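Below is a structure I'd like to ask you about.
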Amino acid sequence: MTLNFYKYQGAGNDFIMVDNRENVVDHHRPAFIAGLCDRRFGIGGDGIMFLENKAGYDFKMVYYNADGKPSSMCGNGGRCIVAFAKYLGVIDFETNFLAVDGPHYAKISESGDWVSLQMIDVETVTKDGEAYVLNTGSPHYVLQTVGLKDKNVYDDGYAIRNNDMYAKEGINVNFVEPQGDGYFVRTFERGVEDETYACGTGVTAVALAMAKHNNIRGSISTPIKVLGGNLNIRFDYNGNHFTNIFLEGPAKRVFEGEINV
Ligand SMILES: N[C@@H](CCC[C@H](N)C(=O)O)C(=O)O
C-alpha cells in the first residue's frame, strides 16, 4: 500500500505527520515506524506523529520517537501537529487536543506557522550534582556549560543518558549557556539517540530550571536559541510551582508525499 505523509519542522526538530483519522495505518509496529524515520531508507525524521480522532477533543496526538518506540510528550512535535491540524481544516486558530501527558491548549498565529503550545504544569525539580532534573512532559537533565558552541554534545550527552541512573528509562540531556537576554541550548535526545537541532520539552525544562537556579519569580519570558532557530518559553513561577507554561516558536510544513509501505 502507499501511505500519504507530510513533513514538518519546528526549529529544525523534524517530524513525519500522518492523518490517521480514518485509521489507515496500524502504527503499533516499531520496525515499521523506525523505517519511516530512517534518513537513508525512509522519509527521515526525529519522530513521527499520527493525528487521530478523540471524543471530547479536536484530535489526539500519537507520537513515536525515531527509534520506533512510543514516547512521552514532544513539545516541538506538539506545535507541528497543531499546524498540521490547521492545514487539514481540523481546527481554526485555537485548539484543545489530547497527547500522552494529557490535554493541551494551543494557539496559532494568523500566518499559520507560529504556534504557542501550553505545556503541563511542573512542580518537582531535583538536582543530580550540578544538574537539574525535571519532567516537562518528557524527562530532562539540564546542565550549565561553558563553551557550548564547541562542546561534544554527542559524547557527553550519550554518557549521561546511558549512565547507571538513567540508562533504563532514558533521559534527554540539555546543555545550556547564557546568551544575550536568554540562553543557548543543545540537546541529546532520547529515542533519537543523537543531538537534534531543537527539543521543545528540553528548552522548556531549561527555562524553568534557570528560573529556579537564579531565584527569579513572577511572569517570566525566556528566549532560547537552538541549533535550528529560536524558541520562547513563557510561564509563571511562585517559587514552588511553574504554571501557565507556553512553548512558542515556528512550525512549518516542508513537503508532502507518499511512500510504499
Ligand atoms: N523533540 C522533543 C522531545 C521528544 C521526546 C524525547 N525524544 C523523549 O523520548 O523524551 C520535544 O520537542 O519535546
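Heads up, the Cβ atoms here are built off N, Cα and C, so glycines get one too.
Automatic prediction, not curation, is the source of TrEMBL annotations.
The annotation active site, proton donor is assigned in TrEMBL to CYS74. Taken from TrEMBL, the feature active site, proton acceptor covers CYS199. According to TrEMBL, the feature substrate binding site maps to ASN13, ASN65, GLY75, ASN76, ASN172, GLU189, ARG190, GLY200, THR201.
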If the substrate site is taken as the center of the Cβ atoms of ASN13, ASN65, GLY75, ASN76, ASN172, GLU189, ARG190, GLY200, THR201, which further residues of that chain fall within 8 Å of it by their Cβ?
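What remains near the Cβ centre is ASP46, GLY47, CYS74, GLY77, SER138, THR187, THR196, ALA198, CYS199, GLY202.
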Whole-number Å distance between the CA of the residue listed as 'active site, proton donor' and the CA of ASN13 (substrate binding site)?
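Checking the Cα atoms of the residue listed as 'active site, proton donor' and ASN13 (substrate binding site) gives a distance of 10 Å.
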So, in DSSP terms, is THR201 (substrate binding site) helix, strand, or coil?
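For THR201 (substrate binding site) - judged by DSSP and reduced to three states - the answer is helix.
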Residues with Cβ closer than 8 Å to the Cβ of GLY75 (substrate binding site), same chain and 6+ apart in sequence?
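Same-chain residues close to GLY75 (substrate binding site) (Cβ under 8 Å, separated by 6 or more) are LEU117, MET119, THR136, GLY137, SER138, CYS199, GLY200, THR201, GLY202, VAL203, THR204, LEU247.
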State which of the following active-site residues has the fewest other Cβ atoms within 10 Å around its Cβ: CYS74, CYS199.
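Result for the active-site residues CYS74, CYS199: minimum number of other Cβ atoms within 10 Å at CYS74.
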Of ASN13, ASN172, THR201, which of the binding-site residues has the most Cβ neighbours inside 10 Å?
ASN13
